[in-house]
Amino acid sequence: MADAPRSTTVLRRHARFAWRRLIDRDAWRSAGRKEFAYMTTAIRYLNGERALRIAVALLAMMMLPLALVMQFNPMGPEGVPARVAHLTVAVIGFLLGLRWLVGSWPTYREAVWFLLASDLFIGIAVGVLSDPTARICGTIHIAMLGMYAAFLLGWRILLLHCVYALLLIAGLTGYAIVADGRTVQDLYVYTTPAITTVVGLPVVIQAIVETGRHGAAKLTEEWNIDSLTGAYSRRGMNFAVRGTARRVAATGVVLVGALDLDGFKRFNDSHGHGAGDQLLRDVVTRLKSVPRLIVGRFGGDEFGIVGFREGPEDAARTIDELRRLLSSRDGDGDDDAGIPASLGIALAPVSSDRDRLAELAGIADEMLYAAKRSPADALLVRDLTAVVR
């Protein structure tokens, strides 16, 4: 019996949490953005963008041949206005599918508008059918859009979609009772499966996707982020670089750097490991202060940086910023608050070739060790663009 109050308390706590999420206005304003960004990144990482675009396109485009068949079906639209409306929305749906097939990956706004338009067009298409049972059964097509929302746009967008689907089914059922003389018992065998399929199936899919998304996000963070400093791990660095490289202009410049702290072991021995850990965190914080710089920690006091810049001048400004972050080697080091480190940098034209980026990392390492031996320069650059100096 003692477990009953505890279970009730847990349920109430979960209910309050769910209610707070449901009425969170700020979250509703950006509903689906994080989910769409996360799934887009995951799809691109798995090279599944093309396959998903084809799948969505075919599902949208197949509405046209189905509509053409219904034009000649006894349960299809009757009269010129209904036939024209039915065929028009099918053609528009075909064009929306064509956009997925031949266009680029949609933005968040485009993905949401696709869902809204498709919901509306399917509602019109089933609404003009002549038979009430055909109208209700036709709403089952909306289940595909529910799975689309669950997968790409998250539970808030799916909730709005499900509310629309329920209202549509309820409206069609009510119209059949009032205008067509059908009874609730007659329509029960059509309405119940429609609701189960259109609402129940996407909700189950959403629960699975949401659980997987949270689990994958947590696991990905553990794999890709260095827990001590918040910088990328080596795996995370590669992932971030690949994602960024897809979005930069082919005429740009890539900056690859290798940084190693000077005398870190002596610092650890004299100040303690706690101070050493704080120094590592401070290094990452300072490196991250440089805009658009990807920062990774590869173990110990070894760091890697990658930056994609619009051109040589932009890259040169970044190098100047990095130089100002480092401790001076002019003999006034005791009063210098800069990072006590050596930094080697390789500059080259942007390339998505993984082997090329690995080659640049090797060159940056060479420049790092040259900087370590240099009595005057903490930062050395090898320019492969033949432009940046």
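Here the Cβ of each residue, glycine as well, is placed from N, Cα and C on the backbone.
Features of the protein shown, as given by TrEMBL:
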DOMAIN    252-384  domain 'GGDEF'
TRANSMEM  51-72  transmembrane segment
TRANSMEM  84-102  transmembrane segment
TRANSMEM  111-130  transmembrane segment
TRANSMEM  136-155  transmembrane segment
TRANSMEM  162-181  transmembrane segment
TRANSMEM  187-209  transmembrane segment
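Summarising model confidence by region, the domain 'GGDEF' (252-384) averages a pLDDT of 87. Within its own chain, the transmembrane segment (111-130) has Cβ neighbours under 8 Å at 32, 36, 60, 63, 67, 70, 74-78, 82-83, 85-86, 89-90, 92-93, 96, 100, 136, 138-139, 141-142, 145, 148-149, 152-153, 157, 161, 164-165, 168, 172, counting only residues six or more beyond its boundaries.
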